[in-house]
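As recorded in TrEMBL, the features of this protein are as follows:
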- E293: active site, nucleophile (ACT_SITE)
- Y115, D201, V202, D203: UDP-N-acetyl-alpha-D-galactosamine binding site (BINDING)
- D201, D203: Mn(2+) binding site (BINDING)
Amino acid sequence: RDLQQNGFFFVLQVTYRSVQTWEPKSFLNSSKAGGVVYNYTALSIESAYPVLHALGQVQGSVMTASRQDEIKTPEMTPWGAPLVWGDSPNSAWRRAKFGQQGIQTGLFVLVVGTYTRFIKRFLTSAETHFLPGKMVTYYILTDSPGSLEPLIELGPERQMKVLPVAELPGWDRLSYRRMPLLADAIKDPIGSEVDYIFCADVDQEFVAPVEEEILGDLVATLHPELYGMQRSVYPYEDDEGSFAFVEEEEGEYYYTSELYGGLVSEMYKLARACSVLLFQDQANGVTARGLEESYLNRYLIDHRPTCVLSPEYSWWDSQMVFFSLPTNPVLRARLPRGVKTEESR
């Protein structure tokens, strides 16, 4: 990697062998990738990576990549946890396993400032696709509860609970506050009301069924821009002075902070631990490069997920994605995630 004054430059060449053995169902228009080799050579683009935008590190920068991918859809992580692709036989088995257990699930979103404009679309899509027909409680943390009612009519065994919070302006502040707010909310009231809790960004929409295949003790989602890339490219925290710091030999995957979850007990441990690390860094005047996402990845290296969701569970169109998704996305960002405008912050 050659550092330049206004950005950075890197060249990658990665080759994978396909292990895909099933045919993806068509939810949206997308390419089937079984055995197909994708070639990208000297493709110059503006970086869309949200961590870099958040820190103002990509102004005027251009990223050039060269890589050859044969996209694969493995169904197990190196430590033996299921890697879930939405329409695979393994996912069907997981849906059958959890489907008859009468599970109550929560979906947690932070809706503050201008993000209130996303909530109706998010809930409408969730009512259609997120655990359809199952017991779901939407936990909406917001600084403007009056603007959320009425929203939409919920189905049977679905409910919404609005949890007021103080105003939290600014995207970077939201990224730092969500973990502590999640921990507090799980302690009361979430922990006594549901079995599982999932945390999602509200500026997304569900576009295909998300069912019981996502359930697990501790669930993380692979970052869509970084899936299939070499470990050396992952934007783990590299400041040794940060409590989110990751050694060069650590980490198999890079996870997105836009969808993660699990048992309420495990999510409470995660949110509490990440909050402690975050506050320790703040006290020392340290800012992690990925904000909340840096602490999430640090925690998930130390406490490996028991279930990993493929990038289709938090997909968004980005110039940084150098491959066609071998299946179809089920949760798609409403805005290009690397191009957060002032209006969306």
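Glycine is treated like the rest: Cβ placed from N, Cα and C.
The CA atom of V202 (UDP-N-acetyl-alpha-D-galactosamine binding site) is located 16 Å away from the CA atom of E293 (active site, nucleophile). Neighbour density for V202 (UDP-N-acetyl-alpha-D-galactosamine binding site): within 10 A of its CB lie 22 other CB atoms from the protein chains shown. The Cα atom of the residue listed as 'active site, nucleophile' lies nearest to that of D201, taking the binding-site residues Y115, D201, D203 as the candidates. Whole-number maximum of the Cα to Cα distances across the UDP-N-acetyl-alpha-D-galactosamine-binding residues Y115, D201, V202, D203: 10 angstrom. All protein chains included, D203 (UDP-N-acetyl-alpha-D-galactosamine binding site) registers 22 other Cβ atoms within 10 Å of its own Cβ.
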